[in-house]
Amino acid sequence: NLWQFGMMIQHTTRENPLFKYFSYGCYCGWGGGGPLDATDRCCFVHDCCYG
């Protein structure tokens, strides 16, 4: 779920995902378009699975 995804990001990057990634790229937060980089692709995959 979204909470677990956020905790995984926080554990891996040591960053607060809400502030760091909410409006990042095309897929982190309210997304659309094509992934910009590896981080944005991770959000894209999450959207495909849980969106």
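Cβ from N, Cα, C; glycine included.
Feature list (source: Swiss-Prot):
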BINDING   Y27, G29, G31, D47  Ca(2+) binding site
DISULFID  C28-C43  disulfide bond
ACT_SITE  H46  active site
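Long-range Cβ contacts of C28 (disulfide bond) within its own chain (separation 6+, distance under 8 Å): Y21, F22, T39, D40, C43. Over all protein chains present, the Cβ of Y27 (Ca(2+) binding site) has 24 other Cβ atoms lying within 10 Å.
The separation of H46 (active site) from Y27 (Ca(2+) binding site), Cα to Cα, is 9 Å. The number of other Cβ atoms within 10 Å of the Cβ belonging to D47 (Ca(2+) binding site), over all protein chains shown, comes to 16.
DSSP assigns C43 (disulfide bond) to a helix. Comparing the recorded positions C43, H46 by how many other C-beta atoms lie within 10 angstroms of each C-beta, the top residue is C43.
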